[in-house]
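I have placed the structure first, in the form of structure tokens, so that the comments after it can refer back to it.
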Amino acid sequence: MGALSTTSTVHVSNGYKRAKVEHPLDPLTPDEINAVTLTIRRYTAEHTDIRAVNFNNCALLPPSKRAVLAALGIPVSPSGKPETPSTIIRKAESDFFDVLNGFAYNAVLALEDEVWKVESLQRLPEGTQPQITVEELIHCETVVRNDPKVQALAKQVGVEPHQIFADGWAIGWDDRFPKSQRLQQALLFARYSQHDNLYAHPLDFVPVIDSLAGKVIHIDFPPSWREKGEGRVELSMSTTQPQPLSDNSFPVANRARIPPPLTPHDFLPDLMEKADPTYKERDDLKPLHVVQPEGVSFTMKGHVLEWQKWNMHIAYNHREGIVLSTITYNDHGEIRPIFYRLSIAEMAVPYGAPEYPHPRKFAFDSGEYGMGSMANELSLGCDCLGKIHYLPGAYVTHSGTAHVIKNVICIHEEDAGVLWKHSDFRPGGRSRTVRSRRLVVSMVCTVANYEYIWNYYFYQDGNIEIEIRMTGILQVYVAGSDEPTPYGIIVAPGINAHYHQHIFSVRVDPMLDGLQNSVIESEIVGLDAPTGSSENFAGNGFVIKDRVLKSQVEDGARDFDWANERRWRIANLNKTHYASGKPVSYTIMMKGAVLPLLAKPDSWVARRASFAHKQLWVVRDEEGPKGPRLFPSGKYVPQTREEPKDSVGKWVKEGNGSIENEDIVLFLTLGTTHIPRPEDWPVMPVEHVSVLFKPSSFFTNNPSMDVPGTKDSRSQSAFGTDIANGQHTNATNGTACCAN
């Protein structure tokens, strides 16, 4: 079935009520999701031969950027007036499967007169796979556990059927199977008691399942490594490449079966105490409370937040999780637009072991699974401290009903140390200390073994920071007794944690004082003139060299340059600072998070994750019938084998025109290379990766000069004694008073 425009109207009893939506970017409500899917069911039943439907996703189709800005009264040029508002038709988009034949479809619906109508219905090209759902991941475990061959193989290493557990993963890349099959690979573990840490007991084989057929179609056995002498190792088979499909693939691995380690490595206190009677939680940690006796300093109206001159829209979707939009700053009464949209748009986690099937482990957690649908329901006092405001989120289930996560986004304030300080050291001099408060918008996602925490920070000095925290449990594979591990670390006996990378793509849609923005590339270089010369006698001179990125094809993909301290600024060239003369801009500070993709440029990973090749991508934003350029690895990620046409690499290569003084979108590549340690086991302490957006000639001066210096009356000496004079005190002493 090709693209099909319709005018069919479906009335639904639980239809959308316009009063519930206060902002054009508000996500679909649970009632709207239910209404949209019911509309699709009725339409397909009446107008197509589709008789059974499984829904994959359902979300708001973003309206036009200019229409949204006009509706909100936000100007699109410096000192300009907002454009005249026009009617915004609320639209939804949904992918679903025909259960009987496995075809995938995309539907676009519009809300007219409070009734959802199907605007278009299109069958996706064969081999195009929408994201893998939570239900599919759970079903993968059931399929594997009930498979007779899997049961027999598990029994050979002492694992009973009820002890078999599986993490479903996207297949990654495996051209032994047709792209039309919807596949998962099942990474297997044993669980010996109800809440036992199953990752402590990895199994030595990897089933592949057909998700739609609900059956195991193949089983892979990774080969093992052996000592060869003189510090060299060899593989138990002659090659790292995939072997032909076979009903019995174990002999090809040329190794013995490896039983899972039996030793428990738990993280729940009662289980740790059961395994080790000497285990005892620390009892010398005193309570630390976050207290806001007068409440929070932010306000919420629906999804719109105001805090310390910042204004933004906060939304949730099944794919990116948190999406922040229409971010503005009230600069002495002038509402200044800064970013139209911020999100973590994609991530890839490639593992470094070359022996098959380990190279299939390179998850695109956003595109293949959806970070929003993997999000946790957060707990007050655990995930966020202080006075908390939560926002709910909803995504569609296979049946078409909305699954609601009540507390998916956490909003709160934190003390962030000293904001600024100065002391006049001269006798009688005064001082002033101002503490920093930051707003936090956060969520937590569990993707099988790993946890990811998205933190969006807003500061009183105009800074914005996106921080990614990584914790959870290492992805591990079983190691034989005395087996060398050239591509991993033995974190506990028999448990091999492979080297891997976490590579994130942050999507930045700027609107600095309007939509016509540019990127300035700066390099900090020493003077060419030698020491002793008239131009550089002391030899200390260095300057900043700026260059505006102009051509999408030639300048749209940029590397970080360590030698020259390369950095980038998003700027509006049409407005300059009154003193510096520089264009108003925000500098991108990401030096600490820059990393190279370690896989080969023509590797499977690199061919699918083109965004990982470069640290900065700049493209013109082009809005089509199905929204803007959102996803750097394409809209449909599972089982891709080449760079999709709708990926950032293709946009840059095939883009004609300027990226100077245009409506542009940036994709920033950041991450970390994880060389596991035993200290990362059994649960990994949090790792941090972040990018900071810092105003540069954007404000007249330090925008936080009006933040009050508050002397905290509840702060006390730790031991009740002023060490300098031996007097007991409960107050804060010293001359460097916050409020002087």
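Heads up, the Cβ atoms here are built off N, Cα and C, so glycines get one too.
Summarising the annotation, TrEMBL assigns domain 'Copper amine oxidase N2-terminal' to 23-70. Confidence across the domain 'Copper amine oxidase N2-terminal' (23-70), taken as the mean pLDDT and rounded to a whole number, stands at 98.
Residue counts for the domain 'Copper amine oxidase N3-terminal' (130-225) under DSSP, split into helix (H, G, I), strand (E, B) and coil, are 27 helix, 28 strand, 41 coil. According to TrEMBL, the domain 'Copper amine oxidase N3-terminal' annotation covers 130-225.
Summarising the annotation, TrEMBL assigns domain 'Copper amine oxidase catalytic' to 288-705.
Look at TrEMBL and you will find Asp365 tagged as active site, proton acceptor. All protein chains shown were included, and the count of other CB atoms within 10 Å of the CB of Asp365 (active site, proton acceptor) stands at 23. Under DSSP, Asp365 (active site, proton acceptor) is assigned to a helix (H, G or I) in the three-state scheme.
Neighbours of Tyr450 (2',4',5'-topaquinone), defined as other CB atoms within 10 A of its CB across all chains, total 19. In the three-state DSSP reading, Tyr450 (2',4',5'-topaquinone) counts as strand. Residues or ranges marked as 2',4',5'-topaquinone in TrEMBL: Tyr450.
The active site, schiff-base intermediate with substrate annotation in TrEMBL covers Tyr450.
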Rounded to the nearest Å - Cα separation of Asp365 (active site, proton acceptor) and Tyr450 (2',4',5'-topaquinone): 10
Summary of DSSP states over the domain 'Copper amine oxidase N2-terminal' (23-70), given as helix, strand and coil counts: 24 helix, 9 strand, 15 coil
